[in-house]
Amino acid sequence: MGKGLALDIGGTKIAVAVVTESGMLIGRQQIATPRGGAGQLAAALETLIAPYRHQVDFIAVASTGIISGGRLTALNPANLGGLADFPLYDCIRSISDLPCVLLNDGQAAAWAEYQALGDKNDNMMFVTVSTGVGGGIILNKKLLVGQRGLAGHIGHTLSDPHGVLCGCGRRGCVESVASGTAIGAETLGWKQPVSAATVFDMAQQGDAQAGKVINRSAAAIAQMLADMKMALDLEVVILGGSVGLAVGYLERVVAAQKTLPGIYRVPVQEAHHRQDSGLLGAALWARTSL
């Protein structure tokens, strides 16, 4: 199978690139994720896909949310501008008749990062901390997708039963504590609320209040990793996403892990493919599926 067109639909951006047979990304570009509903998302996808219809052999899509039966649904619709249900496969097929494979973005990233590890680990997990919190799981060298595409939605495991209400409708999910959205929300009580990116900039400059907010996020991730270690006997965790890859975040997660008994700790490292794990993983997965 020749070149593929990979797309990564996230809460803030949609990235696209041609992926060669050797796994090289060519012509990568991205746009902001539309916030205006299904019509705008469909138009954005056509803008990104149409120029490549006669240049590639297949289309591979990694997307935030639940991918099942060709549809994209969201546990937390706020992560997609309120979009709760979208006929993703049919939309893409209306743009191009090329073979198309869909996968959750955390699952796709996990597959790419698992390949990058080589044949070293049977059980690993990818964690993305970004607009939301998600992930993908490899068990016994196989990607766990699930009957309904739900596997890896670790951001909706419990962090604080008395915490804020998550966009999924449950109270105290990890996502509602640790995500970039949650970090930004923590500043609403400040004299001047700021974005998650600004919180990280402030922490880098030694701002104690900003550091405390980031530490709370990192601690929630560390506790979630402890739970996943005990449930899945993980050998390694790969950290990605805009927050997960922010300067100093990995070190804060590791520091939070060190407060736990040794059995609950798991090695954590940054994503080898950085922000492109989802793009590459979708293409790699498509090659095994088509």
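Positions of Cβ are set from backbone N, Cα and C atoms, glycine also.
The Cβ neighbour count for Ala6 (ATP binding site), using a 10 Å radius over every protein chain in view, is 30. The feature ATP binding site is assigned by Swiss-Prot to 6-13, 132-139, with sequence analysis given as support.
Annotation comment: Swiss-Prot describes His156, Cys166, Cys168, Cys173 as Zn(2+) binding site. For Cys173 (Zn(2+) binding site), the Cβ neighbour count at a 10 Å cut-off comes to 31, with all displayed protein chains included.
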DSSP three-state assignment (helix, strand or coil) for Gly134 (ATP binding site): strand
Near-site residues: Zn(2+), ref His156, Cys166, Cys168, Cys173, CB cutoff 8 A to centroid: Leu75, Asn76, Gly155, Gly167, Gly169, Arg170, Val174, Glu175, Ser176
Long-range Cβ environment of His156 (Zn(2+) binding site), under 8 Å and at least 6 residues apart: Leu75, Asn76, Cys166, Cys168, Arg170, Cys173, Val174, Glu175
Fewest other C-beta atoms within 10 angstroms, as judged across Ile138, Cys166, Cys168, which are the binding-site residues: Cys168
